[in-house]
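Per TrEMBL, the features are as follows:
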{"type": "COMPBIAS", "residues": "53-65", "note": "compositional bias 'Polar residues'"}
{"type": "REGION", "residues": "53-110", "note": "region 'Disordered'"}
{"type": "COMPBIAS", "residues": "66-89", "note": "compositional bias 'Low complexity'"}
{"type": "DOMAIN", "residues": "203-500", "note": "domain 'CDC20/Fizzy WD40'"}
{"type": "REPEAT", "residues": "333-374", "note": "repeat 'WD'"}
{"type": "REPEAT", "residues": "469-501", "note": "repeat 'WD'"}
Amino acid sequence: MAGYSFMNDLSNVVRMDEPITRGPAPRWQKKHLDASNTSVNMSLNVSRGKMNASLNCSTNQSKTPSKGGSTRSKTPSKTPSKTPSKSPRSNPPSKSPTPGKSGGDRFIPNRLATDFDIGSFKVKQQAPQEGESPTQAEKQRLMAENLHGRDINNQRILSYQNKAPLPPEGYQNHLKVVYTQSKTPASVKGTTRYIPQAPDRILDAPEICDDYYLNLIDWGHNNILAVALGASVYLWNAASGSIEQLLELESNDSVSSLSWIQDGEGDHLAVGTSTGTIQLWDTCQMKRERVMTGHGGRVGSLSWNSYILSSGSRTGQIMHSDVRVREHNVLTTSGHSQEVCGLKWSPDGRYLASGGNDNLLNIWPLSHGTMHTRDQPLYSLSAHQAAVKAVAWCPWQPNVLASGGGTADRCIRFWNCSTGSLLNTVDTKSQVCAILWSAHYKELISGHGYANNQLIIWKYPSMAKVTELTGHSARVLHMAMSPDGTTVISAGADETLRLWKCFAVDPAKKKATKEVKAEPSLLKTRIR
């Protein structure tokens, strides 16, 4: 019998022209069986649920409550039921849409809430003029508010019905990481370096002249500070701290300006006096080399361009002197009608900037083949509303000039001297007495007089305030930069000199500077 069944199974497997009677059911048959079983089970569960509900109702109605009010049996059954009852499945009712709620897209403007007349007016409205005064702007705003019945500056052109839905709590947008990987611009980055708010050292400067139009301090490349106090000039060695008196003028004469010669040309100091003369001193030998005349008034400003010394006087004239020859006066120009109080050559020697008490800023071009300027200015700029004393050239952009005005102006203006165009204007709210550029940072520092008497460090070109340095009890008259570019000294009318280490360089980031041998100066053998 066993052999017969084996042969029968073998023959069923070998037959290929007849359907297989034994084996796993096809997939379509399984799906059909599962669907039929599910429908049968659901119908059985529904019928059982109805029967259980009817039985429970009849049982509750037939039961007589006990005295204690409890229907539980005192002796519960020890044998559990072999067929536990199945609870019927409860399907949640489907939510039907509310007929009263209106649908719509929140990005479609609402016509009922949109004022198309005002929207058309705002689209065609022209931008306000730059030179418009605040009084005129306020007057126009009040007139528009009276005409339209409300402030249309805050009125939107398109009004939407619903606001954008808020994201669920704890939701983080992963795309935000992708779109925030760009580097922050240098102008937006905040300063991370430490700037001391107190001066590093305070020196006494008794009898320093409280005159806005003079230039009475200068810090030389030899790390010696020259200070004019009345009729005397003192030299302070910043390395050793020693102080020496260089000169003292006679009778009623007083010192009105100082200027060290450029690096590599020696240790000579030019001294301008109130009588109109210019003295040239050798600070190593502590002796006077020569006296140059030619001005009819006091010499309030000096600036060097190699062996050419440019000097500005109260008469408004600028004299260029070649200190190597006997007849030193090579050119005299008359570009100002009042005293020349600011004078500075550009770092590349191509331009000379002069500021005067006539509110003019003149840019003088270099004369071809010489070291002095031409007889006529290249640009005569009259944007300032007060005397222009503070003039400073940008060290990394030689054609950019910063100028500051007096009490009636209080503005720092930046000029492109290649085109004569105004780049930027900043209102400092205070008299601008001096400006210095930093050699290590894209910053500049300005000294101020009435009414705040502070020093302000600005980030260039954004002109954002980095910090304010306070301490002077009277206006800041003059400023000078140390040869290494890390320290600024300010001279105030309170007769104090304050040293600020505001541009100190991080030693870890400081690059090793190569030693450059200085060329022998032409002045050492040719000054008469």
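Here, residue 1 is simply the first one shown, and the rest follow in order.
Backbone N, Cα and C atoms are what each Cβ position is placed from, and that goes for glycine too.
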For the repeat 'WD' (469-501), would you mind checking the mean pLDDT of the predicted model?
95
Counting by DSSP secondary structure, give me helix, strand and coil numbers for the repeat 'WD' (333-374).
0 helix, 21 strand, 21 coil
Using DSSP, what is the helix/strand/coil residue split across the repeat 'WD' (469-501)?
0 helix, 17 strand, 16 coil
